[in-house]
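K.L.:
What TrEMBL shows for this protein is this:
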- 7-27: transmembrane segment (TRANSMEM)
- 47-69: transmembrane segment (TRANSMEM)
- 81-101: transmembrane segment (TRANSMEM)
- 107-127: transmembrane segment (TRANSMEM)
- 148-168: transmembrane segment (TRANSMEM)
- 174-196: transmembrane segment (TRANSMEM)
- 203-220: transmembrane segment (TRANSMEM)
- 226-246: transmembrane segment (TRANSMEM)
Amino acid sequence: MKKALQILNGIAFVSTVFINYLSNTGAMNNRTIGSLSDSIRSLFTPAGYAFSIWGLIYLFLFGFVIYQGRSLFLKVKNDDFVEKVGFWFIISCVANSAWVFAWIYEYTGISCIFIFLLLASILKIIINNKMQIQAVKTSKLLLISLPFVIYGGWVTVASVANVSSYLVKINWEGFGVSAEIWTIIMIVIATLINLMMLSKRKLYAFALAGAWALTAIGVANKENYSTVSTVALGAAVLLVLATLIIKIKNSTSKNTST
């Protein structure tokens, strides 16, 4: 089973990267992810530069795929994490690819389902492997934990942005509440989720990825919606400070115990 998982993980990853590449060439529906995002932009949509984080995410995931497949060619001990990840990485790749198709072909509501499936599969991988709860070697931190923690932090905010874009598309009136207020509510929700992951599981990179997204939301709204911008930037600063405080506190407690 492990060998099959290792091979399927590699195939799923390569397929996902290829589909995402195609989605940005205009080959699918003569549109790109970016052009569609601009056409149904909400106040929760981050500035364009924020999406460059995908390059980092895929780089880390590439490292994970290589690392988890080492025992196909070498004698390796302690790679039981492959079975703990199980089929969830493959599910995440399928959800990622399905999201691309749904988004590009303008099935925005369905794309919300796929992005939440993607988020659920990432969180399942994090939970199954007890990421950043148990102390691990640097190699495992860089090639197992960080790829999924950063991925999860970004997709958490992206899933909220996805729902927000869908609401814009269907011209949802927000029960009479302004778009600014709803955006602030969504920023608060995203921040609370990140703070929970930070405090409960010490997922520092998760919170920093969230801070990156919130900063970009602040930048995107700087000129026209100063209140939204201020709240988003303030939330990003809060996440960074909370990360530093919890990291320092955790390091101090470890030193004291030794």
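All positions are counted from 1 along the displayed chain.
Even glycines carry a Cβ here, placed using N, Cα and C.
On this model, are these features tucked inside or out on the surface, and what's nearby?
P.N.:
Sequence-distant contacts of the transmembrane segment (7-27) (same chain, at least 6 residues past either end, Cβ-Cβ under 8 Å): 33-34, 54, 58, 61-62, 65, 68-69, 72, 82, 85, 87, 89-90, 93-94, 96-97, 100-101, 103-104.
The list of residues near the transmembrane segment (47-69) in space but at least 6 beyond its ends in sequence, with Cβ under 8 angstroms from a Cβ of it, reads 6-7, 9-10, 13, 17, 20, 34, 79, 81-82, 85, 89, 139, 142-144, 146-148, 150-151, 154, 209, 212-213, 215-217, 219-220.
Distant neighbours of the transmembrane segment (107-127): 40, 85, 88-89, 91-92, 95-96, 98-99, 148-149, 151-152, 155-156, 158-159, 162-163, 165-166, 169-170, 201, 203; these residues of the same chain sit at least 6 beyond its ends, with a Cβ under 8 Å from one of its Cβ atoms.
With a cut-off of 8 Å between Cβ atoms, the residues of this chain six or more beyond the transmembrane segment (174-196) that come close are 42-44, 153, 156-157, 160, 164, 167, 206-207, 210-211, 213-214, 217, 221, 225, 227-228, 231-232, 235, 238-239, 242.
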